[in-house]
Amino acid sequence: MVSPVTVVKSEGPKLVPFFKATCVYFVLWLPTSSPSWFSALIKCLPIFCLWVFLLAHGISFLGAHSSARKILAGLIFSALGDAFLIWQEQGYFSHGLLMFAITHILYSSAFGMKPLNAVAGLVIGAVSAVSYALLYPYLSGPFTYLVAVYIALIGFMGWRAIAGVQLANDLWTWTKLSACLGAMLFMVSDLTIAVNKFCFPVPHSRAIIMATYYAAQMLIALSAVECQDADMARKRA
């Protein structure tokens, strides 16, 4: 397993633009009441930086690892989803929902189906079912089934990320743990969006949603670079 020190040294500098872009978003804190292309750019900028982070590992790396390509594709759809959600009050919420649904399908495929970890699947399934049951009384029209499908997709993505962490058998790596934490933060972010939009106002909802969302995307992007870091460690050994 690659040591955390090696990870920080090799990946830290590539993430500096992401951290700067995230700081710009929170410092500017543009009002959501007046959506614009500029506010969309500022919101999407940290995700653009994660595209660059993955591309910085080289086209050959992306060509050799399908999971990294899928995560990059997921980040592209995430940026589209972020842009649509800027104009959610103008009727584009469902468009954003679709973009993030595709993102979760791509991330699930990147994480793979092995190991299965049926217990984790049952736990996530139960949490997803309870979440939908709590939201259901507040849903109407097409959102009644759109939210159900979305919860199923993000729950499945979370299961595949969590299943990769085998702590009991010491078969985990820092990137699998990164994917797991990222998926859980993504679920927290989206649940906060759902409760705030359909149920009742959540205090400091925007800060909670965006902080957990950016952290989730960074951690998932980090989970794509395990193969290259392992190769670097072997060359240095």
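Here the Cβ of each residue, glycine as well, is placed from N, Cα and C on the backbone.
The annotation transmembrane segment is assigned in TrEMBL to 37-59 (among others).
Distant neighbours of the transmembrane segment (71-87): 32, 35-36, 39-40, 43-44, 47-48, 50-51, 54-55, 62, 93, 95-100, 102-104, 106-107, 110, 217, 220-221, 223-224; these residues of the same chain sit at least 6 beyond its ends, with a Cβ under 8 Å from one of its Cβ atoms. What TrEMBL records for 71-87 (among others) is transmembrane segment.
The annotation transmembrane segment is assigned in TrEMBL to 93-111 (among others).
Within the same chain, residues 147-148, 151-152, 154-156, 158-159, 162-163, 191, 194-195, 198-199 sit at least 6 positions outside the transmembrane segment (118-139) and bring their C-beta atoms closer than 8 Å to a C-beta of that stretch. The transmembrane segment feature in TrEMBL is assigned to 118-139 (among others).
The annotation transmembrane segment is assigned in TrEMBL to 145-162 (among others). Long-range contacts of the transmembrane segment (145-162) within the same chain: residues 94, 97, 100-101, 104-105, 107-108, 111-113, 117, 120-121, 124-125, 127-128, 131-132, 135, 139, 179-180, 182-184, 186-187, 190, 194, 198, 220, 223, each at least 6 residues beyond the stretch ends and with a Cβ under 8 Å from a Cβ of the stretch.
Within its own chain, the transmembrane segment (174-195) is flanked in space by residues 1-2, 4, 7, 100, 107, 111, 131, 135, 147, 150, 154-155, 157-158, 160-162, 164-165, 202, 205, 208-210, 212-213, 215-220, 222-226, 229, which lie at least six positions past its ends and keep a Cβ under 8 Å from the stretch. Residues or ranges marked as transmembrane segment by TrEMBL: 174-195 (among others).
Residues annotated as transmembrane segment in TrEMBL: 207-225 (among others).
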Long-range Cβ neighbours of the transmembrane segment (207-225) (under 8 Å; 6 or more residues past either end): 11, 15, 18, 22, 25-26, 46-47, 50, 53-54, 57, 65, 67-68, 71-72, 74-75, 78, 107, 110-111, 161, 175-176, 178-179, 181-186, 188-189, 192-193, 196
